[in-house]
Amino acid sequence: MTGAVAPPAVLVAAGGALGAVLRWRVVAATPTTEYPAGTLVVNVVGSFVLAALTFAAADADTMLLFGTGACGAFTTFASFSVDVVALVDADRPVAAAGHALGNLLGAGLAVALAWLLVA
C-alpha cells in the first residue's frame, strides 16, 4: 500500500457514497414515465466512466475511489433486472426486451466510445 492516499476500504466507501448519491440524483431528475429511463442513463454513463478510467490506465487509488466505489454504486444492474421483471409482470414484454437490450447494448457502446476517445 505504499503511496496510497487512504486504505483501500476507505477509498471504495467514499467513492460508493458519491456514486450512490449521484445515482439517486440522476434517477430523481429523470422524468417519471412507464419506462425506467433513469436506470438506463446511470448504467450507460457509469459504463463509459469505468471504461474511460480503465483505458486511461488510472492509478490504483483512482480506480478504487472512482472505478470500484463510485461507478460500482452509480451503476445498478440489479435495478435493471428488477425493472425488466416488472415490465414483464405488467404484460409489457416489448418494453422489457427493449429495456434489456438498451442497457446491455448501451453499456457496450459506451465502452466502445470510451475506447475510441481514450485508448
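Glycine residues also receive a Cβ, built from the backbone N, Cα and C atoms like all the rest.
Just so it is clear, the model here is predicted, and its values are computed rather than measured.
Feature list (source: Swiss-Prot):
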- 2-22: transmembrane segment (TRANSMEM)
- 37-57: transmembrane segment (TRANSMEM)
- 62-82: transmembrane segment (TRANSMEM)
- Gly72, Thr75: Na(+) binding site (BINDING)
- 99-119: transmembrane segment (TRANSMEM)
**Complete:** Outside the transmembrane segment (62-82), at least 6 residues beyond either end, the same-chain residues with a Cβ under 8 Å of its Cβ set are 8, 11-20, 22-23, 36, 39-40, 42-43, 45-47, 49-50, 53-54, 99-100, 103
**Message:** Below 8 angstroms Cβ to Cβ, which residues of this chain, lying six or more residues outside the transmembrane segment (99-119), approach it?
**Reply:** 35-36, 39-40, 43-45, 47-49, 51-52, 54-56, 77, 80, 83-84, 87
**Asked** In terms of DSSP three-state secondary structure, what is the assignment for Thr75 (Na(+) binding site)?
**Response** coil
